[in-house]
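Below is the structure I would like to discuss, written out as structure tokens.
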Amino acid sequence: MSNESLANLLKEERRFAPPADLAANANVTAEAYEQAKADRLGFWAEQARRLTWAKEPTETLDWSNPPFAKWFKDGTLNVAYNCVDRHVEAGNGDRVAIHFEGESGDSRALTYAQLKDEVSKAANALLELGVQKGDRVAIYMPMIPETAIAMLACARIGAAHSVVFGGFSSDALATRIQDADARVVITADGGYRRGKPSALKPAVDEAVERAGIVEHVLVVRRTGQDVAWDDSRDKWWHETVDGQSAEHTPEAFDAEHPLFILYTSGTTGKPKGILHTSGGYLTQTAYTHWAVFDLKPETDVFWCTADVGWVTGHSYIVYGPLANGATQVMYEGTPDTPHQGRFWEIVQKYGVTILYTAPTAIRTFMKWGDDIPAKFDLSSLRVLGSVGEPINPEAWIWYRKNIGADATPVVDTWWQTETGAMMITPLPGVTHAKPGSAQRPLPGISATVVDDEANEVPNGGGGYLVLTEPWPSMLRTIWGDDQRFIDTYWSRFEGKYFAGDGAKKDDDGDIWLLGRVDDVMLVSGHNISTTEVESALVSHPSVAEAAVVGATDETTGQAIVAFVILRGTTAESEDLVAELRNHVGATLGPIAKPKRILPVSELPKTRSGKIMRRLLRDVAENRQVGDVTTLADSTVMDLIQTKLPAAPSED
């Protein structure tokens, strides 16, 4: 990939200064960058002091055996104590920790004092089932408070949890149970999704059968649906946990004690079990949650819309917010049940002040229309966040304008399952924000963009995003496979962490993420990022969402093929397709014009909302469509395939 190839095609000139009152009272000011630059390890040692340690660490970082980092290694702490007990001891036991909103409209509030009792009871129940320090527990749950309680109960007794998203198949669950050697599974009869109960227990029964190692299955009753039952193995949560003592004294564990394993899909073969440990992970998740959202725990109401099954839910529903003593909303269901204004109804009901959601959701809201959020009082919101993939500038502007009253900062956060916590993001009280850019590494984080030879690219240049210094919440290894850890993340550039993202620096040196490197297309010798072409398409008033892939082309090497979802009532026509093609040409340059544009009703997405471009590539190249098991709706691909041959092409 040549330097100029990813040069900044898209010029974004809009800037948004921080609101004056927020900047004046911000938790983190511009000085933090200078302080961290002057003494990076001292900076992280200071952030670690925001936690409560049983034994304070004297050593910040041991990097004697790279790439295996040890942070705060002589310190000891209990993660659950930090997330629950210490707030009760500080006199905040009556503060609401979780406002739970069920999809069907049921709700309950859990205070920190109640959460402490529930976590203690669950910890005692796990001990009774024979779970010991160092064991692994698999969790396959809907979005209900018991999911967070189960995770914290594991942390409390020193057992590592492996949460598997409730949308995954029994096969996926079985391989994860086997890989982690989990002897206990915590699940529910089901959860509510799109207005009806969605069963979870049958997948667990199949997975447990296949794995052959599970001794106990603990089942929360959520929906009341019928479940198959094995008396020798299955236990109801309410019968096992509710009767336990609410007294449990948490033990302090080493800072490097395993906290959880979270599986992420590998490009090849079996999923990778990403291992996170205790002290460094909690230090960085707590700090970033407090800094990036400017959290004031006494007054803010935080809502992260992710599922706990993803890293965003681990770091910014369970660990970061609770370590900071925040009050937050947890919502079980989908954004359009029972109506398309459900998210805004929830913001209004709880007075949500900080909202953290994904670009895929924002683009969906755009498609549904501006009039829906306009019906609700969203004036409580003061900071908006985005996570999961690069956000198109137009979606960013829509989010700020329609959800944030054209006044709230939008923090576009880049990080990964592997990084554990936010890495590159604006700060709401400091940064003059640019729509579509994550901008700069947080204080204490070292990231840059390099070319093929690992040389840092100049401003205006593009290449690969790398992390050049260890960070507290970094993955420690791939569970059971140190060699794969080295090969996957540390082999491409000597001494640098690289996880597959392309990026560019603009003329100010700010970082723009360009999606996965395999989402970079080579058209007539020019590298063109799918993210930029998608952003150009979405900036057209008729387009709600776009997915772009490169398809092999005899003439140009790769041809750009775009799949677009039109807004609201827009009718598809050949004229519109030509207009969109010209719009991309005018926005990015003629080289970036898609060869084919196909209006579709839906795009293939994983259950976490990421677009599965590889499947679209299969369609665009007339191949048999590959593995669709992680798709939220596998019928989408059939619809797209039947339509493609008729789509006009620009020859």
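Just so it is clear, glycine is given a Cβ too, placed from its N, Cα and C backbone atoms.
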Name the residue, out of Arg382, Arg400, Arg492, Arg516, that Swiss-Prot lists for the same ATP site as Gly388, Glu389, Pro390, Asp412, Thr413, Trp414, Trp415, Gln416, Thr417, Asp501, please.
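Looking through Arg382, Arg400, Arg492, Arg516, the residue Swiss-Prot assigns to the ATP site is Arg516.
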Excluding Val538, His540, Val543, which residues of the same chain place their Cβ within 8 Å of the centroid of the Cβ atoms of the recorded Mg(2+) site?
Glu394, Ala536, Leu537, Ser539, Pro541, Ser542, Ala544, Ala546, Val564, Arg567, Leu580, His583
Work through the recorded positions one by one (Gly388, Pro390, Lys610) and name whichever has its CA nearest to the CA of Arg193 (CoA binding site).
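Checking each of Gly388, Pro390, Lys610 against Arg193 (CoA binding site), the shortest Cα distance is to Lys610.
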If you count CB neighbours within 10 Å, which one among the binding-site residues Thr312, Thr413, Thr417 has the smallest count?
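Ranked by other Cβ atoms within 10 Å, the binding-site residues Thr312, Thr413, Thr417 bottom out at Thr417.
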Long-range same-chain neighbours of Arg194 (CoA binding site), Cβ under 8 Å, sequence gap at least 6?
Gly333, Thr334, Thr337
At the level of the C-alpha atoms, what whole-angstrom distance separates Thr417 (ATP binding site) and Thr312 (CoA binding site)?
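Per the Cα atoms, Thr417 (ATP binding site) and Thr312 (CoA binding site) stand 8 Å apart.
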According to DSSP, which kind of secondary structure is Arg193 (CoA binding site) found in, if we only use helix, strand and coil?
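Reduced to three states, the DSSP call for Arg193 (CoA binding site) is strand.
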Between the Cα atoms of Gly195 (CoA binding site) and Thr413 (ATP binding site), find the distance and write it as a whole number of Å.
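Cα of Gly195 (CoA binding site) to Cα of Thr413 (ATP binding site) measures 31 Å after rounding.
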For each of Val538, Val543, count the other CB atoms within 10 A of its CB; which of these binding-site residues has the top count?
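Highest number of other Cβ atoms within 10 Å: Val543.
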